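Chemist: From Swiss-Prot, here are the annotated features:
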BINDING   His78, His237, Asp241  Zn(2+) binding site
ACT_SITE  His264  active site, proton donor
Amino acid sequence: MLKQRTIKSIVKTVGIGVHSGRKVELTLRPAAPDTGIVFSRVDLPTPVDIPASALSIGDTRLASVLQKDGVRVSTVEHLMSACAGLGIDNLYVDVTAEEIPIMDGSAATFVFLIQSAGIEEQNAAKKFIKVTKPVEIRDGDKFARLDPYFGFKLKFTIDFRHPAVDKTGQELEVDFANTSYVREIARARTFGFAHEVEMMRELGLARGGSMDNAIVLDEYRILNNDGLRYDDEFVKHKMLDAIGDLYVIGHPLLASYTAYKSGHGLNNALLRELLAHEQAYEIVTFDDPKTAPTGFGFDAQTAFA
């Protein structure tokens, strides 16, 4: 059977929260089958566990934020994206603040941590959410949609009307049957505009943001000396975010995702819309890995390779 996965050993790192600017210690620990991805605020007098769940996402204005009884864990999308890309089903994530550290602004550090810990198959069937009917959410001209598809593919279109973004392409379509998440998506960094960063800092946000963890643009160009990691890094980062946002549903999706100018809020609304229509999906497992969609085998150590 196609089995669930966790990590083999505990790994730790330290970073800063992109909005608080505060130091955050992050520890990843193995978890038993059917645990899911569970975030734990270990800095509190009594640690609070918050399982990743579409219905636990609260604030989505600047990041995807898990909330439970007034306790928050913010900016979970890059780590969740890495877990999706590497096929991690079960994991404990201990943090000493309310933000997951931003690291370099991509999912690459989290991929490295998970690969360093080692990936271990578990004696339990991996569960997928198979979309059986189309589901769509719209907000003005923005939309996000899931269609039935035996695999996982995404088509994302952005519209930033900026010379540097225009040059790199505003649309990307990826099918993970023939694309490596680690090579092609994981290193894409978050990005922002210099004038917006200043406004956010005046509001007490983006205190940890810098060119070490984001692509920064002025009105005309990219300000980072080292330029881009991918020719189409902007749209690839939006896809990286979407993969993480979608993975909070608790299992990998078997679906085709299409989005235009979508963000954390619309992605979460799409998951809630799917879950509200039980006839639009089913939970499936694969007794024979050969019958599973291409790209979910364990041999390559990744889900999408």
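Yeah, the Cβs are placed from backbone N, Cα and C, and that goes for glycine too.
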Chemist: Compute the centroid of the Cβ atoms of His78, His237, Asp241, then list the same-chain residues not in that set whose Cβ lies within 8 Å of it, in sequence order, for the Zn(2+) site.
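Modeler: Not counting the recorded site residues, we get Glu77, Ser81, Gly105, Ser106, Ala107, Ala188, Arg189, Thr190, Lys238, Met239, Leu240, Gly244.
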Chemist: Cβ neighbours within 10 Å, counted over all protein chains: which one of the recorded positions His78, His237, His264 has the most?
Modeler: His78
Chemist: Hey, what's the Cβ neighbour count for Asp241 (Zn(2+) binding site) at 10 Å?
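Modeler: That number is 24.
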Chemist: Quick one: of His78, His237, Asp241, which binding-site residues lie within 10 angstroms of His264 (active site, proton donor), measuring between C-alpha atoms? Sequence order, please.
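Modeler: So far as Cα distances go, the binding-site residues lying within 10 Å of His264 (active site, proton donor) are Asp241.
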